[in-house]
């Protein structure tokens, strides 16, 4: 009886191994700092790091405030990532995208909303002179405004003041 049970056990184990299929692991892209806004661009992690690098490298900071669950943010992200001119010009900026509201009161400008894109000069002055097209949310952009954003990016590259 004991040998029959051992044989059944071995048969059961062998059958289990034979029938077992390897479940392929889900391949998912790691979350990068770009969050889909431009995977080939270099992004900083924090607002403070962005300010430091903007000043040190004498480049403007482009801050994108968005939400992962906001349809307007998602649509703008898609347009931003697909616009070749913006992707190329963005290489001239210190780039930061955040899914939270930065605590710097200078970035509040006309309220808290998303998506919002703000430029900060290397002299650490917020470029309030580079709004989007809307009076109620001055620093928001929609996919249809992507060329306006491109023009504002060009203007942001003209620095407010250069140090001697």
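The count begins at 1 with the first shown residue.
Here the Cβ of each residue, glycine as well, is placed from N, Cα and C on the backbone.
The signal peptide annotation in Swiss-Prot covers 1-20.
Summarising model confidence by region, the motif 'Homodimer stabilization' (34-43) averages a pLDDT of 96. Residues annotated as motif 'Homodimer stabilization' in Swiss-Prot, with similarity to another entry given as evidence: 34-43 (among others).
Outside the motif 'Homodimer stabilization' (49-56) by six or more residues, the chain places 63, 94-96, 120-124 with a CB less than 8 A from a CB of the stretch. Annotation source Swiss-Prot lists motif 'Homodimer stabilization' at 49-56 (among others).
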